[in-house]
Structures are given as structure tokens and as C-alpha cells.
């Protein structure tokens, strides 16, 4: 029988330890109390009982690598600015919008692509090696799980390190496109402001007027990051593949996601239908709190580093 979920707060002696977040990156991680010993014990028990763990990760995992998220209280994009991410329909419809998007992305790419996996990514990769983690689904597009060596992985919303042509479907490396941008815009410069979660920066419209955007080298079509923009839907075959991996699993662990987007939340609904035990590790409330038998509040890297995949 599923137990009522509970947010575990420091009623017992807290575990004191150094932050898993590199210096200078804490500004993107929401404020959070140190996770208490009882929470850790219950999460350890949850992981121990699982034989084929299914994990879903979100932006709260990557904030500890210095990549901001959208929704975190006080530090997310929506809290810091009035800017909103690119919508799929606008990108497809408007050449000006594509020019603005790619100019911002061009400026932000060197920093965005240099981010490295943090301790939480590395723990999950070790769990895969040990046979504890059956499959991992990430809602992030930053390639940090791949950089950590994760193999049993589905990037639900794609990956910003790949580019696709909307005409012929050809794919290429984002780094290759960066070289084409440099060739087409040798004298173009712009002063960047705040960085956004999907890798671009904020520029004023007049700064991008003369930025040149290349087309597909194969067919001349529109180039787009191989990511699911807001307003678009995840490929049906990908969704079915993830449902199949979920059906092979015996427990679900959510790490660093509020699950506000339905594309990820649907798998928690499916897990509930299957009466699978669910645990959530996240700072702040999530859309699936009522479906979990265990809710732990804490920084992903700090907490997961103390859990053993026995």
C-alpha cells in the first residue's frame, strides 16, 4: 500500500557536509535547509528496495552545474526577468524570431557548452554501472548526463548540442554550426546580459539586426536546435519508448524536477496506475507530490552522494 507522501524537514539532527555546488554557482540553486538524517535513511531504504530503478531528472539537477532553471523561487528565469523562452510556432513562422534566437544562442554557446556534470550526474551514472538504475529520462537539453557517461538514457526534450533541419531532417553538431556562424559574422559583436536555461543570452533587438543565420547545407531548409520548444510536443515514438522502459522498472525516483510540464508528469501518472513506489528529491513543491510515498527536500548532489546503490 502506498504511504501518504510527506515533506521531511529537519526534526532530527541534520547531516553536516560541504556543498556539492561549485563556488560561484549557488546563485542558481534555490535556498534549502540541510537534509535531515531521517530523510536520508528513508531515501536509502527506497533505493535499496528498488531492483530496476527508473529515474526522471529535471532542471534542478543542472542548477548545481551553473545552468539556471525556469521556475525556482527567487533564482529561476521567471523570477529574475520578464523574458520567456522561444515558442515553437514563433520560431517556425518568423525569420526575425529565428535571427534573434540564433544570435542570442551564438553568444551564449561557449559558456553553455562548457558546463560539466556535477556530483548528482556522476552518482546516477555509477548507479547505472552497478545495475541499480534501469533507465534514466531527463527533461534537460544540456547533455550533462551524456558527458557523465550515462548510456541507458532518453533525452525527452532533445539536446541543444545537436541541430536539425526542418526541411530534410538532417542532423549535425551544434559546434559545427558555431563555426558557420563565425564565418558568416566575422565582425559581429554583442554585449551579453543574463544567461537563460536553454543556452542563449538576452540581447536587445537592435543588436541582432545584422546577424546572419545559415541554412541547411543539404537542402537550404531552416535550422533548429534538436530540442522540443515550448508549444511543441514530444515525438510519439519517444514517449512510447519511455513508457516501455517504465513498464520494465519497479520504482520511480524523480530528481530535481517540479514536473510542471506534462511531458514528464505523464510518466508519474503511469507509475501511479501501475502502483509503483515513487520518491521525489527536489527543492520545492512538485506537481506529483500527491503520487509519492516519499518526498525529500535537498540539493540533488549532496543528497545522492550519501545514498548507496546496494
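Every residue, even glycine, has its Cβ placed from backbone N, Cα and C.
Database features (TrEMBL):
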type: DOMAIN; residues: 33-310; note: domain 'Deacetylase sirtuin-type'
type: BINDING; residues: 58-78, 139-142, 256-258, 282-284, 300; note: NAD(+) binding site
type: ACT_SITE; residues: 157; note: active site, proton acceptor
type: BINDING; residues: 165, 168, 216, 219; note: Zn(2+) binding site
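In this structure the alpha carbons, written CA, of residue 62 (NAD(+) binding site) and residue 157 (active site, proton acceptor) are 15 Å apart. A gap of 37 Å separates the Cα atoms of residue 219 (Zn(2+) binding site) and residue 66 (NAD(+) binding site).
Neighbour density for residue 219 (Zn(2+) binding site): within 10 A of its CB lie 13 other CB atoms from the protein chains shown. For the domain 'Deacetylase sirtuin-type' (33-310), the mean pLDDT of the prediction comes to 91. Remark: residue 216 (Zn(2+) binding site) has 165, 167, 168, 170, 222, 223 as non-local neighbours, by Cβ distance under 8 Å and separation of at least 6 in sequence. The CA atom of residue 157 (active site, proton acceptor) is located 10 Å away from the CA atom of residue 142 (NAD(+) binding site). Each of 166, 167, 169, 170, 215, 217, 218, 220, 221 belongs to the same chain as 165, 168, 216, 219, is absent from that list, and has a C-beta within 8 angstroms of the C-beta centroid marking the Zn(2+) site. Of all the recorded positions listed (66, 142, 157, 168), 168 has the fewest other CB atoms within 10 A of its CB.
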